[in-house]
Amino acid sequence: MSGVFIVFEGIDGAGKTTQLAYLHEALLSMRNHRVLVTREPGGTRIGEAVRRVLLDTGNSEMTGETEALLYAAARSQFTAEVVRPALARGEIVLSDRFLDSSLAYQGFGRGLELHRLRQVNFLATGGLRPDLTVLLDLPVAAAVARMDPDRRDRLEREGVDFFERVRRGYLELASADPGHYLIVNAEREAGVCASAIWARVRALLQDRPTFGGCPGLDGGS
């Protein structure tokens, strides 16, 4: 039995965590199927340890290459320990970030070569790709305004120019792979965004024999 892998992406402050929670709630109406909510970097004991190193504001000297390799290491453990086993059990996996975060942040944001990042992350994930990536797109000024200035981690403390590059990178990635991406205008009300996401996810699940007959897929959110 094969599960479904759905990833939420976007710059910090775009609302990924909120929309993931909305989708999780909608999916709970589907009886007889398990939904796993997770995040990366993190999701495993090793991954959470790496996450602390990556986001620690005391590590300001970290190079872009070190950052990219740490993310890939955490992703390798996350994929092997969490995602692949859950998909093999037929679960729906919802993840706050995955591979495209590295392409956007370390590739477009830090200026590292995309093909090198793809090579490293192919090793880390074994080529695993999400069935759907939901991109919460929000202007940088609006995203920064949503962040708590007293609780920003190392990456959230980057400048506006950095996040503009990351945002442009995400949009380029999405335009290059429209079949796997849903771009959501995160300036809209949260409920409107959630409805658009649920409509796309519902259509995705209806096309899967395992999920097509589940209660809750024929109606709205």
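Even glycines carry a Cβ here, placed using N, Cα and C.
Swiss-Prot annotations:
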| type | residues | note |
| --- | --- | --- |
| BINDING | GLY10, ILE11, ASP12, GLY13, ALA14, GLY15, LYS16, THR17 | ATP binding site |
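Sitting within 8 Å of the Cβ centre of GLY10, ILE11, ASP12, GLY13, ALA14, GLY15, LYS16, THR17, and not among those site residues for ATP, are the Cβ atoms of LEU136, LEU138, ALA143, ARG146, ALA186. Between the binding-site residues ILE11, ALA14, ILE11 has the most other Cβ atoms inside 10 Å of its own Cβ, all protein chains included. Taking a C-beta cut-off of under 8 angstroms and a sequence separation of 6 or more, THR17 (ATP binding site) has the following same-chain neighbours: PHE8, ASP96. All chains included, 27 other C-beta atoms sit within 10 angstroms of the C-beta of GLY10 (ATP binding site).
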